[in-house]
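Have a look at this one.
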Amino acid sequence: MSLMLEPNPTQIKEERIYAEMGLTDEEFAMVEKILGRLPNYTETGLFSVMWSEHCSYKNSKPVLRKFPTTGERVLQGPGEGAGIVDIGDNQAVVFKMESHNHPSAIEPYQGAATGVGGIIRDVFSMGARPVALLNSLRFGELQSPRVKYLFEEVVAGIAGYGNCIGIPTVGGEVQFDPCYEGNPLVNAMCVGLINHEDIKKGQAHGAGNTVMYVGASTGRDGIHGATFASEELSESSEAKRPAVQVGDPFMEKLLIEACLELIQSDALVGIQDMGAAGLTSSSAEMASKAGMGIEMYLDDVPQRETGMTPYEMMLSESQERMLIVVKKGREQEIVDLFEKYGLAAVTMGKVTEDKMLRLFHKGEMVAEVPADALAEEAPIYHKPSKEAAYFAEFQQMKMETPKIENYKETLFALLQQPTIASKEWVYDQYDYQVRTSTVVTPGSDAAVVRVRGTEKGLAMTTDCNSRYIYLDPEMGGKIAVAEAARNIVCSGGEPLAITDCLNFGNPEKPEIFWQIEKSVDGMSEACRTLQTPVIGGNVSMYNERSGEAVYPTPTVGMVGLVHDLKHVTTQEFKQAGDLVYVIGETKAEFGGSELQKMLHGKIFGQSPSIDLGVELKRQKQVLAAIQAGLVQSAHDVAEGGLAVAISESAIGANGLGATVKLDGEATAALFAESQSRFVITVKRENKEVFEKAVEAIQVGEVTNTNEVTIHNEENEVLLTANVDEMRKAWKGAIPCLLK
């Protein structure tokens with residue numbers, strides 16, 4: 001739409017054009033009051049995008065305030081590009097997770113690729129070098145041709161971007177459930193390393209300092225992407241393909257190197273990624289955080305399309321762009337630095353004292369808005385909340401143990417469930433060894449990356465069992481954080497902090513808002529107990545298609561510190577003769593389990609329960625035993641129960657098996673999904689020391705028979721399975737479904 005054709009302020013109000021942009025009548029009235037006049041078309045666009053849920057968190061802020069966000073190691077909590085945690089020796093880890101769900105639903109390759117690009121920029125805009133990527137993915141059932149297409153394209157998009165940019169994709173998770181059929185979830189996480197003195201903030205300090213635009217030129221892609229992410233998907237969503245951005249990983253690779261060099265210069269005052277809402281959010285937020293204003297001359301914006309209007313330039317979400325503030329008079333140094341990398345750096349404005357965001361185009365002022373009004377003063381809504389109707393019904397159900405005729409067949413069927421099955425088809429497409437710092441590659445409980453120049457490592461994982469959270473949001477929220485910490489501990493790491501990606505349906509529905517509140521309550525309690533504060537994250541609402549919401553999926557990304565790489569532990573058995581221990585008791589808990597879904601095609605009843613005090617005690621015991629060198633292998637017991645955990649530890653080893661004896665009712669002993677459990681192996685000579693240090697029950701030993709045999713307490717064989725056959729079933733399940 002050219003400037004001549006843009007509706008005037010009166011038309012915007014009378015024809016309710018603001019509503020098409022996502023503003024409500026009340027919000028438009030607030031804008032009018034803030035400005036003391038009717039906004040023009042560009043100004044209406046600025047407010048609509050900055051006041052969207054995606055940018056302002058207007059529906060979720062009251063809930064997010066419950067998260068614990070401070071701790072003795074936390075250097076930067078929520079509010080900047082990414083959170084930062086101290087790891088000693090003047091070093092820190094920077095990490096964040098974000099969603100790119102809506103774009104991936106309609107343009108899966110670019111949607112996933114630009115999700116990766118955006119999260120990388122959040123990390124290096126803090127001054128950190130990105131060292132690892134993870135992702136957490138949710139899809140419908142793979143039997144559906146559309147789901148196959150989305151799955152293949154999303155994985156290809158993540159691989160395409162991550163591999164080209166040279167940052168290893170080291171871990172993550174993929175789960176499949178019918179509720180994600182029309183609305184897949186694509187959550188990307190980036191982890192970076194930084195020295196304390198290099199930490200940078202996205203703030204525009206110093207009146208008279210210069211505002212510069214660096215990186216790729218601006219096109220019309222991604223206009224209103226943030227608003228598109230703040231509404232439900234529908235049949236007409238396909239028409240919003242232009243709201244999906246297009247990424248160029250080679251450009252971003254150059255941008256990383258240029259920005260990391262720039263950060264060493266004392267000319268730099270502030271730096272921020274142009275992410276959701278593009279130039280609008282970066283300029284308004286940088287000004288607002290510094291208590292300053294910004295003036296920008298839009299004729300100077302590098303444009304790759306002709307005739308772009310101020311509205312289009314301000315709302316474009318073209319990728320690989322940063323906004324920086326530099327000391328006045330030092331602009332040429334910056335231009336020269338970026339030119340060396342073949343990148344543009346142009347002066348386009350200055351910092352002012354009056355807290356206003358002013359935009360000029362062709363000699364005229366086209367917008368004048370208080371920066372704080374855009375960045376900080378979005379209305380906050382306390383949405384009505386109502387317990388979901390199904391919850392009381394599920395809570396009252398008497399939990400029945402499923403009847404199983406053949407335990408071996410059931411184990412093989414579980415190993416072939418796509419959520420449990422090997423994700424090798426996925427991670428084989430990712431370069432997880434680039435930069436040669438990856439110590440534990442994908443496939444174990446957590447990935448581990450070396451901290452160069454030290455004996456330390458970073459353990460990292462993403463976790464969320466959304467079925468448990470659907471059945472019981474508060475309990476499920478606790479479990480999501482606890483399982484992430486359990487995975488870090490099993491890898492030899494001390495859990496440090498989390499980033500989260502809260503994926504939910506439409507918050508305007510009271511039952512959905514109840515899910516959000518309750519799961520955040522559970523997560524917050526777990527974070528406090530396990531001492532893993534929330535240092536940042538992202539909210540993705542409106543994950544619905546045709547009125548059907550996804551399961552509540554608050555994904556947890558956790559990073560832990562491996563104090564010495566000698567402590568690194570993996571899940572596979574190490575040698576015959578080692579003793580197998582189980583930590584934690586098994587109860588007949590099948591609500592939301594893989595077994596329940598496989599047998600009934602749906603989930604119901606109560607989720608497994610968790611006692612966070614017990615969880616913490618067990619994690620501390622396991623970590624201390626690992627650090628004391630007593631543990632050969634460690635694996636958390638999750639989907640599919642003990643039988644699956646033991647099988648996975650055997651599948652990962654070569655030629656090894658195990659003979660174990662499990663007490664209690666057989667189906668529960670094998671397949672229940674009780675929490676706070678570990679499968680640990682220990683050298684025979686360490687038996688006494690280990691048993692003094694850890695409350696664990698010896699259940700058997702590792703053998704060189706290449707078979708897993710499980711007995712009941714009467715010593716009757718429940719199942720014997722050949723490890724090669726299990727490996728073949730487990731590894732072949734996803735490729736077979738994709739044929």
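Along the chain as shown, residues are numbered 1 onward.
Any Cβ shown, glycine's included, is placed from N, Cα and C.
The annotation active site is assigned in Swiss-Prot to HIS54 on the grounds of sequence analysis. Feature annotation from Swiss-Prot assigns active site, proton acceptor to HIS100. Here Swiss-Prot flags TYR57, LYS96, ASP500, GLY537 as ATP binding site, drawing on sequence analysis. Summarising the annotation, Swiss-Prot assigns Mg(2+) 1 binding site to GLU98, ASN538 and lists sequence analysis as the type of evidence. Residues or ranges marked as substrate binding site in Swiss-Prot: SER99, HIS100, ASN101, HIS102, ARG121, GLN245, GLU317, SER318, GLN319, SER540. According to Swiss-Prot, the Mg(2+) 2 binding site annotation covers ASP122, ASP273, on the basis of sequence analysis.
What's the neighbourhood like for each of these?
The secondary structure of HIS54 (active site), as reduced to three states from DSSP, is helical. Counting Cβ atoms from all protein chains shown, HIS54 (active site) has 28 others lying within 10 Å of its own Cβ.
Under a cutoff of 8 A between CB atoms, and with a sequence separation of 6+ in the same chain, the neighbours of HIS100 (active site, proton acceptor) are GLY111, ALA112, THR114, GLY115, GLY118, VAL186, ASN187, ALA188. When secondary structure is read from DSSP and collapsed to three states, HIS100 (active site, proton acceptor) falls in the coil class.
The Cβ of LYS96 (ATP binding site) lies under 8 Å from the Cβ of GLY81, ALA82, GLY83, ILE119, ASP122, VAL123, MET189, CYS190, THR499, GLY536, GLY537, ASN538, GLY557, each on the same chain and at least six residues away in sequence.
Sequence-distant contacts of GLU98 (Mg(2+) 1 binding site), defined as residues of its own chain at least six apart whose C-beta falls under 8 angstroms from its C-beta, comprise GLY115, GLY118, ILE119, ASP122, ASN187, ALA188, MET189, CYS501, ASN538.
Around ARG121 (substrate binding site), taking its Cβ as the centre, 27 other Cβ atoms fall within 10 Å, counting all chains.
Within the same chain, the residues at least 6 positions away from ASP273 (Mg(2+) 2 binding site) whose Cβ sits under 8 Å from its Cβ are GLY81, GLY118, ARG121, ASP122, SER125, GLY202, SER282, ARG321, MET322, listed in sequence order. In three-state terms derived from DSSP, ASP273 (Mg(2+) 2 binding site) belongs to an extended strand segment.
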Fewest other CB within 10 angstroms, which one of the binding-site residues ASP122, GLU317, ASP500?
ASP122
Can you tell me which of the recorded positions HIS54, TYR57, ASP500 is spatially closest to ASN101 (substrate binding site)? Compare CA atoms only.
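Comparing Cα positions, the candidate nearest ASN101 (substrate binding site) turns out to be HIS54.
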Which of the three DSSP states, helix, strand or coil, fits GLN319 (substrate binding site)?
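GLN319 (substrate binding site) sits in coil per DSSP, no helix or strand.
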Compute the mean position of the Cβ atoms of TYR57, LYS96, ASP500, GLY537, which form the recorded ATP site, and then list in sequence order the other residues of that chain whose Cβ is within 8 Å of it.
LEU64, PRO78, MET97, GLU98, THR499, CYS501, LEU502, VAL534, GLY536, ASN538, VAL539
Where SER99 (substrate binding site) and ASP500 (ATP binding site) are concerned, what is their Cα separation in Å, rounded?
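Between the Cα atoms of SER99 (substrate binding site) and ASP500 (ATP binding site), the distance comes to 10 Å.
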Which whole number of Å gives the largest C-alpha distance between any two of TYR57, LYS96, ASP500, GLY537, the residues noted as binding ATP?
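Taking every pair among TYR57, LYS96, ASP500, GLY537, the longest Cα gap is 17 Å.
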